[in-house]
């Protein structure tokens, strides 16, 4: 039987391949036929007009025989091509394909007969012509207003032990579209010895049964579908077989929801009835026992120990800059927007460009010279040598010039760029590296963020003759320990990192030092105060660069002040 099916399938495939070849050949032979007819017509025109012999003044009869031979040859070729074309057209294999099959095998619609899509559900229950009281109702629903003579006879088979009291419960019981009560088998897969009383709740519908979902409503078909003439083999003729099929599908679905332990008979849906106690289901209910969640080991920006700094102290520092008290209430929103700006404007594009440069280096035959693997010195040399081929490498190297451990820096930048708002940020440490915890030989996340922020503004500020290395912003507005800013100079406006581990940042402006509380927000609040002063007291200008909408576009985080 299997060999015969394979031969049938191979024959079908061979036929479709042949049809595709003939479809392509039809176009070719038709083109050649038209070309041969055209050439034969041109030669015949020359034979009657004698243009070549007259123009070149040569003997006419030898040329006439040559032209006659060519005209005959082209005419025969044209006849042969047209005969092949009509052969492919009239004698094509007779095969019936659905539109999806025609698209799959690539057979033109004109060469195959179209057939409608087969119905996905072919097993249906034959039902005789329904009586007027059955019109518009589900065959698995129960209507209390229906008389016993009009009730379907298989209801007692589908729901064993179900004996409803047939009573006239509604005044419009004679209407063809009566209100019905539909008992869903999804909630009660098997109901035994159940007899509803007239006082039972009724779920009414004006146009048919209530759709409660489940497999029975999924496999049901409307009564109008049963009257359509189809093959007898497409029906389930045994009502018990239908009931068994529905129950088995419900049992499979229930076991799939409970998991592999539901294979025992105690968890079978046929055992869920009113005669069993709760203790019988202890094994199943144990799967859904309430348990406390385990504490996540992932780093979180909300669990730092140093985040217990006094909010009141921060408000006192901000009060020296912001005179309007309600603005201080927006500090959390400003911090979130600023973190998101760093991620979307610097981190994500930086990681993308690093991966792009790594791909370009491999294409140039330098697989050993990669970002995250080679030293910063090698990358700087490559940026000079490969500048015409990879112009962005020189820019990326500036962001990576913070630690000798390039592998850790590359992986940490990728981790920080995930999540949209630097969710893995750790202000006084960093991430794990090769299975070991972060140590002081690696830069903190605060140092990394501060470095890339300064490098980004270095690239936006115009070059300055005092700073040939291009670090204009870093040289003017960032001082790192052990160096100290000149507080006596009124023009000094910078961010001072007074401590490396743990990192601590202060703002120096007009001979004043603004020391915000330590913790995970110290870096962001210091930078926010730096930007806020630029917006409110420097007209949004950092030197000759506008940090507003027409420039760097970072001051939008404060909104309209």
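Heads up, the Cβ atoms here are built off N, Cα and C, so glycines get one too.
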Open item on the list: Which range is it, out of 7-27, 28-48, that shows up in Swiss-Prot as transmembrane segment?
Closed with: 28-48
Task: 60-89, 90-119, 120-149 - the one Swiss-Prot records as region 'Disordered' - done: 120-149
Task: region 'Disordered' per Swiss-Prot - which of 191-233, 234-276 - done: 191-233
Open item on the list: Can you tell me how many other Cβ atoms are located within 10 Å of the Cβ belonging to residue 343 (N-linked glycosylation site)?
Closed with: 20
